[in-house]
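> Pulled these from Swiss-Prot:
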DOMAIN    11-78  domain 'SAM'
MOD_RES   S86  phosphoserine
MOD_RES   S89  phosphoserine
REGION    273-447  region 'Focal adhesion-targeting (FAT)'
COMPBIAS  297-323  compositional bias 'Low complexity'
MOD_RES   S320  phosphoserine
COMPBIAS  386-400  compositional bias 'Low complexity'
COMPBIAS  414-425  compositional bias 'Basic and acidic residues'
COMPBIAS  499-511  compositional bias 'Polar residues'
COMPBIAS  513-523  compositional bias 'Basic and acidic residues'
COMPBIAS  526-535  compositional bias 'Polar residues'
REGION    614-636  region 'Polybasic cluster (PBR)'
DOMAIN    641-847  domain 'Rho-GAP'
SITE      R677  site 'Arginine finger'
DOMAIN    877-1084  domain 'START'
Amino acid sequence: MCRRKPDIMILTQIEAKEACDWLRATGFPQYAQLYEDLLFPIDISSVKREHDFLDRDAIEALCRRLNTLNKCAVMKLEISPHRKRSEDSDEDEPCAISGKWTFQRDSKRWSRLEEFDVFSSKLDPAPGAPAEAPLKTAASHESMLTELSERQEVASVLSLSSTGSLPVHAPHAGDAATPRTNSVISVCSSGHFVGNDDSFCSLPSPKELSSFSFSMKGQEKNAKSKTRSLLKRMESLKLRGSPHSKHKAPSKLGLIISGPILQEGMDEEKLKQLNCVEISALNGNRINVPAVRKRSVSNSTQTSSSSSQSETSSAVSTPSPVTRTRSLSACNKRVGMYLEGFDPFNQSTFNNVMEQNCKNRESYPEDTVFYIPEDHKPGTFPKALSNGSFPPSGNNSSVNWRTGSFHGPGHISLRRENSSDSPKELKRRNSSSSMSSRLSIYDNVPGSILYSSSGDLADLENEDIFPELDDILYHVKGMQRIVNQWSEKFSDEGDSDSALDSVSPCPSSPKQIHLDVDNDRATPSDLDSTGNSLNEPEEPSDIPERRDSGVGASLTRSNRHRLRWHSFQSSHRPSLNSVSLQINCQSVAQMNLLQKYSLLKLTALLEKYTPSNKHGFSWAVPKFMKRIKVPDYKDRNVFGVPLTVNVQRTGQPLPQSIQQAMRYLRNHCLDQVGLFRKSGVKSRIQALRQMNESAIDCVNYEGQSAYDVADMLKQYFRDLPEPLMTNKLSETFLQIYQCVPKDQRLQAMKAAIMLLPDENREVLQTLLYFLSDVTAAVKENQMTPTNLAVCLAPSLFHLNTLKRENSSPRVMQRKQSLGKPDQKDLNENLAATQGLAHMIAECKKLFQVPEEMSRCRNSYTEQELKPLTLEALGRLRNDESADYQHFLQDCVDSLFKEVKEKFKGWVSYSTSEQAELSYKKVSEGPPLRLWRSTIEVPAMPEEILKRLLKEQHLWDVDLLDSKVIEILDSQTEIYQYVQNSMAPHPARDYVVLRTWRTNLPKGACALLLTSVDHDRAPVVGVRVNVLLSRYLIEPCGSGKSKLTYMCRADLRGHMPEWYTKSFGHLCAAEVVKIRDSFSNQNTETKDTKSR
């Protein structure tokens, strides 16, 4: 019994320390600070009122920790203070979920924005315990809750909320006090108390408070020894699970959803700008669709419009077949309307739509057909078209010569027709234009078996629908051979790298020429999970098309290629209403806050539904936040390389060859039965692996077996050093599908995904979207989400590897001797399968900001940190007469101040690139470091400046498009450029104010960039916020220059941890690419002269 009490005390101290760690990790660091400052206990009810936007489970998880700290405060248990943040610390940026607290960077402490009493003279009673009277004060030194200490604790905390310097009065302090009281008195010695408990005198400001020190006097040495002994015992003791109070079952009342409500501020002018049309006011008229413009990489907030080309049969205005096909595909996929208040379940709406459809059918005669000239060359658009009535006999059917589709009588074979109401109107491809059925004839099915539009066998015995069927089949077979030869001729061409290119020279496969539609429905193999076409014309090449002359400096284009997969990006583009909720659009401060809320939500759910021995306080802090030394991967390029290393090398977490394998399967192999289920040939798979290791950027998969490529893709994820879900969180994912109820699993999964490292989350999103497209062709490949999960779950979760690592040799030997897995293994495999299948089915909802975050708008929306306008940049100087030119001059002065001080205070950072890399912490703004990379370039400063300004496409392999928005003066302009991202993630959009200087001392040049908000710059992706970007070019003799690049930017969708681990490597890689562009130019010039 004598030894049991110290053990209980040690365990309670461990719980207190881990409770403080949990509070910091979940967005409540202010309470951990109060406990370490010996200012507990606190009033739990006040905390609940302060966080009323949280749900019940999250509040209960918070209160459990606070009650633990209250108990420890009464027991006089102390923990070691949280270590102070140093300049080289990798600790997370302080972040509080509540918007009523702010972090004072000068004093490194939390303070309240308004007075709010969280202290009470009594503790909250335990659940089910009767209410007790307030604790009485005592004169003994052992008392922890004397009246004096309570009042002084309140005064000390309220002083944290002071934002200005206030007058200070001396107190009356003569009584003896405990160490806790002494520490409080030392802080509040300048405060004066009056008789009323609720009224206090003026209190010190946070700056004044930071100058005070807590005096421990005689207790200091004893406390240090206690701390050391505590830490030693914590290493040897394991946390014992403690039973938790049972929670009431959640309310079973269903969620009540009201009807559509018009948003505030949506006046008539706003509705007119959004092209909104009142449904009831249509009156049978069609909606005019605006004209299509030159295609660019567009964000989902923009609505692409349809083509406005002339619909006449003129040969001059008729586009090529590929152009027309692309236009139709783009229009039908992206043209949309935002109908505010539209009720799709209103019966009157259905009646109007049905009446409109009937009018559409009656507006076209059923005997209209378009004739193609006899000398028409297959594969090209006809030079002239004529329409008329069907002949009385013989030619009462028409064939689409490009696809082999046969149309029965009465079907209009051309999809763009003239209308009496609107001559230039675009008719939707999937609208009903005929009451008769459409039949398709293919050369790979028996001629006696024809399927009608509904999928049933056509009754050919009762009526001879096609009198010249043999001739038609003969022509179709010939056409198929020609089209195959035509597609093979251009199959090696790659994607276009321009963001404004809308068409390619030819489609990459016959499937992409035309999307078959049967009775207004696309075939499953041609649709992705969102209903968009999978076979839209793919950008032909992985090698960007040259936009230069091809001679001289244009020969220096980088040899590193980037995959252009625009169809994958466009098919999974979020809707207009959900674009702001996408994770990849959030700022770094919002991501930091979102991660802490996700940890809070996940902890609350797991503690509520999992057994007490399945979780503990130690679960709270994910291990990926800790610094881990990784081995060297110089001898590997693809397989076995961590995703973080891929980001540091190329800027993208997935290697280019793996992305190309996914694109090959998505474009050409979705009709293969049992894809990912049937095994490939080992020798061919090994050959594919060697191809990936040797040719990282460009691997040609043409002619490869779909099953070989799919197996190679599985092996890639299986060979990762740790599972895609990470070693720590894989077990958490399995617990979610073993213990959490079905209706709560989606919330738990969204929270767990936010705890993944950024590169793992991005790869998971890409993979899930890709697998959802595979399941969209389930009628052909027979692969449902569950079937795919059975095949891929072991590779993604590393189930077998985890079992071997977590099991002892004796246990593994016993399992092998029994020849069957135990029940735990079966449950984990089932949970992994169910989890992956659920993630595939709900992939679009997993990567969105939870709706609960909108309840704490004060703390979340303020963290967005949008770029400033030109006028706002001038106001940063607090000078009414200042403008953006004064801001730019200040930037130039600060740059040369760094140079004059020889970059004092910068910390060196190791990188695999051949450049010097260092960083410097910045106290203002978002939690982002300022990075600096330096390299020697074999060119003069003027040449380097020209390359940075005018020739970005020669060294930036991710560049999609660029243009100058506005020229402000001879050395200042607004510049916009777009960079590619790994599909299906949206492109990155930069709008910067840039200025350059060439008349600097010693022949140096400088280029400065800062993001701005400009009304003439359309949003064509995720808008990046460049806080600071500087290029300094100094001559160093022998025709060489020293290039120094400094950058601090918020790329959106990344945690602070990602910027610490990866962003610096990207800065170093950028200067290396700039240098290589000149090195390649010099090498090619020498080779030309030698010839």
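Backbone N, Cα and C atoms are what each Cβ position is placed from, and that goes for glycine too.
Give me the lay of the land around each of these features.
For the domain 'SAM' (11-78), DSSP puts the residue distribution at 49 helix, 0 strand, 19 coil.
Here the region 'Focal adhesion-targeting (FAT)' (273-447) returns a mean pLDDT of 45 for the predicted model.
In three-state terms derived from DSSP, R677 (site 'Arginine finger') belongs to neither a helical nor a strand segment and is classed as coil. The Cβ of R677 (site 'Arginine finger') has 17 other Cβ atoms within 10 Å, all protein chains considered.
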